[in-house]
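Peer 1: I have a structure here, written as structure tokens, and I will follow up with some questions on it.
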């Protein structure tokens, strides 16, 4: 009987494990990045955060069991004025508890409404999440901020001082705002910025960017014919992924760094490609090994007219050959 009981218990445990939902983190570097964006209804999965921070967040979610985390109530008494003040305090829209951030000041700098940024948003170590908070401007960020997410807000402009002196910033994600204007020095002086995501906005002119970038997504904006400066990406020697889909571009922004692995330009107005766009016409043995993912589908270009333009590539571009 004891053996049967242990077998039954083992089967119950295995069944519970198999029934548990899996968690997939959003991967910026995926080869099917665009497909993931189409299939993903929310952007609340984060990556490149130290494992212990992610684990802390998951633990606090299990403990809270509630998406809305209210600020602590008054310690003594039940004075009505104190209750009213408590009700007027913004809620943290996140499942994680606000741990003590690694910044000067417990809750970081204050916004224009005199709320601490880490109370209005959610700070986990050096990562700041301000997603879906109806913000109309970049909040003042703690000086040690490394990753900043402010997606699905109403931000219209990025000022040159919004990220000033934030020398540790590695990622900025401002997906799905109303951004139409960016000051020229908004990003250029950030010494360690690696990933910049500005997709789904109204940007008409891309400012000068730091050469440290490895990942750029400016898809679904309004860059048009003149929105990208000449040789904008030339000196980005570590740039791996460049996404400029749905922008009414009529040309491929050249030159592109040798480090580039993925170039997505679908759904633009590109009409032609030159033989030296990707290859070296003076060196017929040249092979561009890194660039394996080129998307030109949704453009009026006929790729069959310039076969020499991609003879050096490991894979044919995706697009029309008719």
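Placed from the backbone N, Cα and C atoms, the Cβ positions cover glycine too.
The following feature annotations were taken from Swiss-Prot:
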DISULFID  118-130  disulfide bond
DISULFID  279-312  disulfide bond
DOMAIN    106-143  domain 'LRRNT'
CARBOHYD  64  O-linked glycosylation site
CARBOHYD  96  O-linked glycosylation site
CARBOHYD  283  N-linked glycosylation site
CARBOHYD  302  N-linked glycosylation site
REGION    58-108  region 'Disordered'
REPEAT    144-165  repeat 'LRR 1'
REPEAT    168-189  repeat 'LRR 2'
REPEAT    192-213  repeat 'LRR 3'
REPEAT    238-258  repeat 'LRR 4'
REPEAT    259-280  repeat 'LRR 5'
REPEAT    290-310  repeat 'LRR 6'
SIGNAL    1-19  signal peptide
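Help me picture where these features are in the structure shown.
Peer 2: The secondary structure of residue 312 (disulfide bond), as reduced to three states from DSSP, is coil rather than helix or strand. Counting only same-chain residues six or more apart in sequence, the Cβ atoms lying under 8 angstroms from the Cβ of residue 312 (disulfide bond) belong to 278, 279, 280, 286, 287, 288.
In the three-state DSSP classification, residue 283 (N-linked glycosylation site) falls within coil.
Using a 10 Å Cβ-Cβ cutoff, residue 302 (N-linked glycosylation site) registers 14 neighbours. Residue 302 (N-linked glycosylation site) carries neither a helix nor a strand DSSP state and counts as coil.
Sequence-distant contacts of the repeat 'LRR 1' (144-165), counting only residues of its own chain at least 6 positions beyond either end whose CB sits under 8 Å from a CB of the stretch, comprise 43, 46, 48-49, 102-103, 121, 126-138, 171-187, 189-190.
Model confidence over the repeat 'LRR 2' (168-189) stands at 98, taken as the mean pLDDT rounded to a whole number.
Within the same chain, residues 28, 37, 48, 167-186, 219-224, 226-229, 232, 235-239, 243 sit at least 6 positions outside the repeat 'LRR 3' (192-213) and bring their C-beta atoms closer than 8 Å to a C-beta of that stretch.
Remark: secondary structure over the repeat 'LRR 4' (238-258) totals 0 helix, 3 strand, 18 coil, with classes taken from DSSP.
Packing against the repeat 'LRR 6' (290-310) from elsewhere in the chain are residues 31, 34, 245, 256, 258-279, 281, 316-322: each is 6 or more residues past its ends and has a CB under 8 Å from a CB in it.
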Peer 1: Through the lens of DSSP with three states only, how would you label residue 118 (disulfide bond)?
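Peer 2: Its secondary structure by DSSP: helix.
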Peer 1: Indicate the candidate from 118, 130, 279 with the smallest number of other Cβ atoms within 10 Å of its Cβ, considering only these disulfide-bonded residues.
Peer 2: 279
Peer 1: Over the span of the repeat 'LRR 3' (192-213), count residues by DSSP class, listing helix, strand and coil in order.
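Peer 2: So the counts come to 0 helix, 3 strand, 19 coil.
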Peer 1: Take the repeat 'LRR 2' (168-189) and find every residue of the same chain, 6 or more past its ends, with a Cβ under 8 Å from one of its Cβ atoms.
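Peer 2: Same-chain contacts beyond the flanks: 43, 48, 126, 143-160, 162, 195-210, 222.
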